[in-house]
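K.L.:
So that we are looking at the same thing, I have put the structure below in structure tokens.
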Amino acid sequence: MTQMNFTDRATRVAIIANGKYQSKRVASKLFAAFKHDPDFYLSKKDPDIVISIGGDGMLLSAFHMYEKQLDKVRFVGVHTGHLGFYTDYRDFEVDTLINNLKNDEGEQISYPILKVTITLEDGRVIRARALNESTIKRIEKTMVADVVINQVVFERFRGDGILVSTPTGSTAYNKSLGGAVLHPTIEALQLTEISSLNNRVYRTLGSSVIIPKKDAIEIVPKRVGVYTISIDNKTVHYKNVTKIEYSIDEKSINFVSTPSHTSFWERVNDAFIGEPEH
């Protein structure tokens, strides 16, 4: 846990909500609480704290809205549905959130994010960041690509595609593919195959691989064509991808640390296991 530098100026707060009725109600209550408080200034421009109201998808959108300001921004999530992995507060805990923010001392919890670098055949380079995951697929035909880990050719992959996830993203698409669940404070990436071909002719490892912070992953397609690349909830299509590189970004996402911070394992239990039967 680290602490962000604080000054005597008012804390700038951005409130981002989805269009659901309950989310709008929460947003209105937060606006009313901070609007006339001299210690806070409501603004979506250059905020110190971003309050995301909705679900994990809303927080993903908020992350990408402010991904160029990660050094200066801390996030906090309010869930208006079932408990999310990025949310510490439910919609009925708004008063607790308001009180915690009024007593905030700048403490934060940081999680690693994914750096994505796409190189095209024409020399163009596209750079992006992902909070959860990125995939590369070739929809119309089997994807054939070399998987290179830390400059070592690990395997030649044949199948539908490849997913690379962050620890926080390990509970999303990665888990549905049989990948491991990683605690978000672990600085590592996870590479997971999507429907790989495994028979007497073609072989892949067939299981997820955990990649440490110091190593990088390269996916090098071996066939020309159109590739579909997802970066969190955004999907793009590129023709003739030379390679796509994945590594842990120099930046991280910072969350407001409060007494109400829900432990990661509580979130996993709530999402996938629930209360045990007696």
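Placed from the backbone N, Cα and C atoms, the Cβ positions cover glycine too.
Pulled from Swiss-Prot, these are the listed features:
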type     : residues                                                                                     : note
BINDING  : Asp56, Gly57, Asn132, Glu133, Arg158, Asp160, Thr171, Ala172, Tyr173, Asn174, Lys175, Ser176 : NAD(+) binding site
ACT_SITE : Asp56                                                                                        : active site, proton acceptor
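I would like each feature placed in context: is it buried or exposed, what are its neighbours, and how far apart are things?
P.N.:
Of all Cβ atoms in the protein chains displayed, 18 besides its own lie within 10 Å of the Cβ of Lys175 (NAD(+) binding site).
The Cβ of Asp56 (NAD(+) binding site) has 22 neighbouring Cβ atoms from other residues within 10 Å, across all protein chains displayed.
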K.L.:
Among the binding-site residues Asn132, Thr171, point out the residue whose Cβ has the most other Cβ atoms within 10 Å, with all shown protein chains included in the count.
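P.N.:
Result of the Cβ crowding comparison: Asn132.
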K.L.:
If you count Cβ atoms within 10 Å of the Cβ of Arg158 (NAD(+) binding site), leaving out that atom itself, what do you get?
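P.N.:
Counting Cβ neighbours of Arg158 (NAD(+) binding site) within 10 Å gives 20.
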K.L.:
Taking the Cβ of Tyr173 (NAD(+) binding site) as the reference point, list residues of the same chain whose Cβ is under 8 angstroms away and which are at least six residues distant in sequence.
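P.N.:
In sequence order, the residues whose Cβ lies under 8 Å from that of Tyr173 (NAD(+) binding site) (at least 6 apart) are Asn132, Glu133, Thr135, Leu163, Ser165.
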